[in-house]
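Here is what Swiss-Prot says about this protein:
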| type | residues | note |
| --- | --- | --- |
| TOPO_DOM | 1-18 | topological domain 'Cytoplasmic' |
| TRANSMEM | 19-39 | transmembrane segment |
| TOPO_DOM | 40-187 | topological domain 'Lumenal' |
| ACT_SITE | SER53 | active site, charge relay system |
| ACT_SITE | HIS92 | active site, charge relay system |
| CARBOHYD | ASN125 | N-linked glycosylation site |
| ACT_SITE | ASP129 | active site, charge relay system |
| REGION | 173-184 | region 'C-terminal short (CTS) helix' |
Amino acid sequence: MLSSLSPYMANPRNTLSQVLNFGLVLSSAFMVWKALSVITNSASPVVVVLSGSMEPAFQRGDLLFLWNRSPRVDVGEIVVYNVQGKDIPIVHRVMRVFPDVPTTGGEDVEGVEASQKLLTKGDNNLSDDTELYAPGQEFLDRKTDLMGSVRGYVPAIGYVTIMLSEHPWLKSVLLGFMGLMVMLQRE
């Protein structure tokens, strides 16, 4: 087994170069992700559709591109939101926008900027999303719950992510394959 590693042990400078190149690729991908996050004002500027609740508009596995710089959301717009206490992004259409009223405990507050209140529903669902919201939550808050509005998509390419989450052993195989390719790469 160690004999197969002998070419890498013989030239440590080449091995170090390959490890640094691999680190450069990973850090570049991270920087691109963070730059997209800043540009779009969204913690997750790219998400994958995980269910069929938005069919026929979006299929399971579609890759969505988000934008969160618009101050307002309109009825009919497709948004991605997180429910408080859950980490799974939900992609649904805005069905109703409530009037902007800055409130705290039911009383108007002066000097507090109002945030839109939204009601959403999946195109393929029979009822609105109030059952999906956190207990006691009747609507989404534009500022705190929304990750962004959908501005574009690529069909089916997100299935890789779905496969990796549904079959954890694939992650190990993929990482092992990538590591092997880095080690076998000759410059």
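Cβ atoms are placed via backbone N, Cα and C, with glycine included.
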Taking residues 6+ outside the transmembrane segment (19-39), which of them lie with a CB under 8 Å of any CB in it? 45-46, 182
Inter-residue C-alpha distance, HIS92 (active site, charge relay system) and SER53 (active site, charge relay system) (nearest angstrom): 8
Could you tally the C-beta atoms, other than its own, that fall within 10 angstroms of the C-beta of HIS92 (active site, charge relay system)? 23
The region 'C-terminal short (CTS) helix' (173-184) resolves under DSSP into 12 helix, 0 strand, 0 coil
Please report the Cα separation of ASP129 (active site, charge relay system) and SER53 (active site, charge relay system) in Å, rounded to an integer. 11
Restricting to the topological domain 'Cytoplasmic' (1-18), what is the model's mean pLDDT? 68
